[in-house]
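In what follows, a single structure is set out as structure tokens and then discussed.
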Amino acid sequence: MALGDKNQGSSKSQAKQKGTKGKNAQPRLKSNQLKRLKINEELKELQSRVDNFVPPSEITLFSELPMSSKTQKGLKSSHFLNPTPIQSLAIPPALQARDILGSAKTGSGKTLAFLIPLLERLYLEKWGPMDGLGAVVISPTRELAVQTFMQLRDIGKYHNFSAGLVIGGKPLKEEQERLGRMNILIATPGRLLQHLDSTVGFDSSAVKVLVLDEADRLLDLGFLPALKAIVSHFSPVQTAPGSRPSRQTLLFSATQSKDLAALAKLSLYEPLYISCNKPGEEGVMPANLEQYYAVVPLERKLDALWGFVKSHLKMKGIVFVTSGKQARRVRFIFETFRRLHPGLPLMHLHGKQKQPTRLDIFQRFSSSKSALLICTDVAARGLDFPAVDWVIQLDCPDDVDTYIHRVGRTARYQSAGTALTILCPSEEEGMKTRWGEKAIEVKRIKIKEGKMGNLKQSMQNFAFKEPEIKYLGQRAFISYMKSVHIQKDKSIFKIDALPAEAFAESMGLPGAPQIKLGNQKAAKVRGPSKEELARKAEKEEEEEEERAVVGSDEESEEDESEGLGSEDEEEEIDDEAEEIDDEEESGEESGSDEETEEEKDASKPKAPAVRTKYDRMFERKNQSILTPHYTALIAHDADNAAGAGEADDDDDVFTLARRDHNLSDDEEADTDAILGAEALAAELKKPLITSEDLSKRKLKAAASKKGLLKSRPGPEKVLFDEETGEAREFYKSGVDVEKEMSAADKRREYLEKEREIMKIQDKIDKEVAREKKKELKRKRKERERELRQMEMGDEPVAYLGGDDDYASADEGRSLSPSPAPSLEPERHAKKQRRGGVQESGAGDLEDEEALALRLLQGS
């Protein structure tokens, strides 16, 4: 610390000496102040260039645009040199803080068209880390948000802004901690609205730029209410009544719709409409895209896809499956094709996957040179997969806009690509009509039978061996049929024309699963716009609610005017309610249809009000107190009590022996207290709910095995006496024993018993050990006796320890009749070694001499 202070003091003195040289010398400015002045001058110059910029007829380089040096450097390092048409048209007015509504074909570079103005606006505003949130980009899918974030990181790496992703898939608390440090936020609408509503301290009032990327897709996914709420949170601030608001809004999409125009009116201020498409060619196809379609029966679509994959093993393609809970169908195709080993890397992507899995698949497919991605429409918008050769639409798209965005994953910017759509025979005419309305030319091709696969037997084997594949097939079948059923354009999607049995058989299923389709009103016929349909639905709901309220009031008034009904009517109401509950549990269509018809017939003569099953459920009364027959019984008892006195006396259970017995006041008070206590005890002993208070359903449930087990007492443990065999309760006997003696006495008695048992057991163990020792000694003596007998015998010796000549001479005859005696010399040698070395040596010499003599005599 001292050294640092000394150095600082010397530097200050030197600066002071330098500053005092000469009479007219000016004080020196600090380096950071000079830097700040330089930056301010650059910003002023840049702002004047932006305000006075007149775009030329054609912009060929990014350097021609009035942008900061940091942005120019980031574009150059990312190899972005030449702007696309949408970029050259949208960036100049966006730099001047104009609201933009842009539309261009897929793959035309709309992302840079809003990222560059976003960075420049914050740079001109001198936005810093302490200023909070300055720009928000809203994307329809997580993958598109991640791609936008990576693009922003590449071109804005020389700026000092902090950017972040809020797309879900992570705990909300972690994202809340990062929100306060972000200058640029890229988010999906659902999670962003959740943070705007629930995160404390999330200030969104200072936002300068709001971007809606792929806005039509946001509306298709049902995010219109969320977008309206988000726009209301980011409300622009106007300095004067006629001035431009401080917030700039950029809205980009490949296609336009009426809902998009309504959203533009809500969020944009005097927007500038920019479109790179020719008049009447909204959403035109890329120039290098080749489009084909083939007509294949529904049951042969997987065969056609398999044949296509086997004939294009070096391609990079995307297979789109119709959305609408189609994650199961994507999984079914992926799992079955994976087991067939196509020779091409397979991947699958859908909205039900976890966020890390989706990002991993997105990155792996982007970096692959040849692969096949099976996905839903989650990958149909905005995602820029490099070098995609083929886009195969296994199912018919929902509409032409979806078709445009799907095929836009290939032929990006100036590259070439091919799109193939596989249609059912019933979908061809309707889809050709829709293509003609958009001036899109799609050529028809015919797939040869030899080029198609035959997967029927393989699918059946998979479904038979693996229950998971069978289950996936069933769910895929149901989800596909339901997705066709809910489509709006019934001129294309005709569920009655689909061969359900053949389709199920092609997936390896033994038969078509039973499907419970919703009401036909849910599948609207092509006609009115979405706004008109929504208004009509809201009016119908309001009318139904009013009719239900009026009907319930009328019914209550009728009940009050008519009085109490009969017992039979109440039982019928209860039976109807039980039938409704049973039908809800079973879920059968036939019963529910019959009941609704009966309800309609019964409701026509009574009243025009609509009474649902929930209304009847809430109208049910307690069977023991509020029912008419119970109140009638109470009134009847009161009449009898008022009219006939002696009859009641005959029916009484308890009769008074003496009525003329007079008691004193104290005795009367005592007897009243005793009787009151007895009555209270009797009432307390009674159950709170009796069988009369319960409904038939409750009584039936109580009579079941499960209900009886609940009401019955639990099992008791019983011990039987060893001497008498008498049964006694386990816990009761334990309590009795505890009462008889204390714990110390019990321990003492227990230890004495155990000592006696151990003494007896010790004696037994000693006897057993003694017997074992005797047996071992007896066996050893018997073995020694056998060895002595063998030594004294005249059996021939098995082996010679002499020269080889004797051994070779004796090879011809066998001296040992059996190999058993060969073990005896070893045993004998061991015994002699135990006895001593000298005796063993003498014995061996005598034996050898005797053997040699015997051999010489024999020869």
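Numbers here mean position along the shown chain, with the first residue as 1.
Positions of Cβ are set from backbone N, Cα and C atoms, glycine also.
Feature list (source: Swiss-Prot):
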- A104, K105, T106, G107, S108, G109, K110, T111: ATP binding site (BINDING)
- 7-17: compositional bias 'Polar residues' (COMPBIAS)
- 528-539: compositional bias 'Basic and acidic residues' (COMPBIAS)
- 540-600: compositional bias 'Acidic residues' (COMPBIAS)
- 91-274: domain 'Helicase ATP-binding' (DOMAIN)
- 288-463: domain 'Helicase C-terminal' (DOMAIN)
- 1-34: region 'Disordered' (REGION)
- 512-615: region 'Disordered' (REGION)
- 771-859: region 'Disordered' (REGION)
- 60-88: motif 'Q motif' (MOTIF)
- 213-216: motif 'DEAD box' (MOTIF)
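Positions of Swiss-Prot features highlighted on the structure.
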residue : record           : Cβ neighbours (10 Å)
A104    : ATP binding site : 24
K105    : ATP binding site : 25
T106    : ATP binding site : 26
G107    : ATP binding site : 22
S108    : ATP binding site : 22
G109    : ATP binding site : 18
K110    : ATP binding site : 25
T111    : ATP binding site : 22
Inset, instruction - Tell me whether G109 (ATP binding site) sits in a helix, a strand or coil according to DSSP. - result: coil
Inset, instruction - State the mean pLDDT for the motif 'Q motif' (60-88). - result: 92
Inset, instruction - Determine which residues of this chain, when A104, K105, T106, G107, S108, G109, K110, T111 are set aside, have a Cβ within 8 Å of the centroid of the ATP site's Cβ atoms, and list them as they appear in the sequence. - result: T84, I86, A254, Y413
Legend entry - DSSP helix/strand/coil residue counts for the motif 'DEAD box' (213-216): 2 helix, 1 strand, 1 coil
